[in-house]
Amino acid sequence: MTAILERRESASLWNRFCDWITSTENRLYIGWFGVLMIPTLLTATSVFIIAFIAAPPVDIDGIREPVSGSLLYGNNIISGAIIPTSAAIGLHFYPIWEAASVDEWLYNGGPYELIVLHFLLGVACYMGREWELSFRLGMRPWIAVAYSAPVAAATAVFLIYPIGQGSFSDGMPLGISGTFNFMIVFQAEHNILMHPFHMLGVAGVFGGSLFSAMHGSLVTSSLIRETTENESANAGYKFGQEEETYNIVAAHGYFGRLIFQYASFNNSRSLHFFLAAWPVVGIWFTALGISTMAFNLNGFNFNQSVVDSQGRVINTWADIINRANLGMEVMHERNAHNFPLDLAAVEANSIDG
């Protein structure tokens, strides 16, 4: 009888825990995805802060030339970064217990791999948690779908690209200048500016910001005033009110006359779907572009594509970009390569005699 009572008590405790985890009444929803999200993001954040402040230099290229990234080793907020795991480690899973000592683990850039893998798990779980909360509340799932765009982008630069290139040392450093270095080297090696998927991403980001500004300004300019001119129009809105807060007909009429009639949405649902889909699809394409360039399916190459009747090259902007790419490529990892890959790949002409 005692055993039966204990089993009921433990089951009751588990049920209460499940109810608490999945309760939508909590100030912050936890959810089953949150059970994994919270420890992974806390770990990634904690290690990032500690490493950004105090991590010793890392041998990123695997040639015994450590690169300093932390504040205590001479960097500031702009130049500091978590240096990627050493090329000597490659794609190997490199937890602390795989190193002979903590000093070796730090020298080989172990914190980068720890942070990145925990971070990617955490943001994926955050996306799952968005879906989970939407499901509990009876909402549609599109919030999580929208968030999948930045998740895909982060996964592309922190995981897919290193896998394609064969080493975590090719991943994006976790810092401001490190991000810029990653972008410059990526352009030099993959000509990303000439990749159509990157172009779609640019259209998505800039177009999304334009449409967001247009929508916000149109709504703010067509509010239905419920107050006198002596007080703010915002005071006329009550949270949860049933009435429309702005006049979509007026906004539609204004914009339709400013551009042309069919450039303006007259359906609020279609409008907001478009506002969400435009940047999300653009960033999806950019993440897909990074993931294909990871395996060296690079941007368009129009180098020396225009020649005169004598066979002499007439430079186009593509050739100017190519010259810049070569310059950037010879300057990065200066002591790891004798020549940029584009030059080293060309077979030398044999000399007889």
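In case you wondered, yes, glycine gets a Cβ from its N, Cα and C as well.
Some features that Swiss-Prot has for this protein:
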- Thr2: phosphothreonine (MOD_RES)
- Thr2: N-acetylthreonine (MOD_RES)
- 29-46: transmembrane segment (TRANSMEM)
- His118: chlorophyll a ChlzD1 binding site (BINDING)
- 118-133: transmembrane segment (TRANSMEM)
- Tyr126: pheophytin a binding site (BINDING)
- 142-156: transmembrane segment (TRANSMEM)
- Tyr161: site 'Tyrosine radical intermediate' (SITE)
- Asp170, Glu189, His332, Glu333, Asp342, Ala344: [CaMn4O5] cluster binding site (BINDING)
- His190: site 'Stabilizes free radical intermediate' (SITE)
- 197-218: transmembrane segment (TRANSMEM)
- His198: chlorophyll a PD1 binding site (BINDING)
- His215, Ser264, Phe265: quinone binding site (BINDING)
- His215, His272: Fe cation binding site (BINDING)
- 274-288: transmembrane segment (TRANSMEM)
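It is 118-133 that, among the stretches 118-133, 142-156, 197-218, 274-288, forms the most Cβ pairs under 8 Å with the transmembrane segment (29-46). Taking every recorded stretch in 118-133, 197-218, 274-288 and counting its Cβ pairs under 8 Å to the transmembrane segment (142-156), the highest total belongs to 274-288. Ranking the binding-site residues Asp170, Glu189, Glu333 by how many Cβ atoms sit within 10 Å of each one's Cβ puts Asp170 at the top. Taking CA atoms as the reference points, Tyr126 (pheophytin a binding site) and Glu333 ([CaMn4O5] cluster binding site) are 36 Å apart. Sequence-distant neighbours of Tyr161 (site 'Tyrosine radical intermediate') (same chain, 6+ residues apart, CB-CB distance under 8 A): Asp170, Gly171, Met172, Ile290, Ser291, Met293, Ala294.
Within the chain carrying the transmembrane segment (197-218), a Cβ under 8 angstroms from the stretch's Cβ atoms is held by residues 251, 254-255, 271, 274-275, 278-283, 285-286, 288-289, 292, 299, all 6 or more beyond its ends. Those residues of the chain, other than His215, Ser264, Phe265, with a C-beta within 8 angstroms of the mean position of the quinone site C-beta atoms are Met214, Leu218, Ala251, His252, Phe255, Leu271, Phe274. When the Cα positions of His215, Ser264, Phe265 are compared pair by pair, the longest gap among these quinone-binding residues is 11 Å.
A separation of roughly 25 Å, to the nearest angstrom, links the Cα atoms of Glu333 ([CaMn4O5] cluster binding site) and His198 (chlorophyll a PD1 binding site).
Here the binding-site residues are His118, His198, His332, and the one whose Cβ sees the fewest other Cβ atoms within 10 Å is His332.
Around the Cβ of His215 (quinone binding site), the same chain contributes Leu271, Leu275, each under 8 angstroms and 6 or more positions distant in sequence. In this structure, of the recorded positions His190, His272, the smallest number of CB atoms within 10 A of the CB marks His272.
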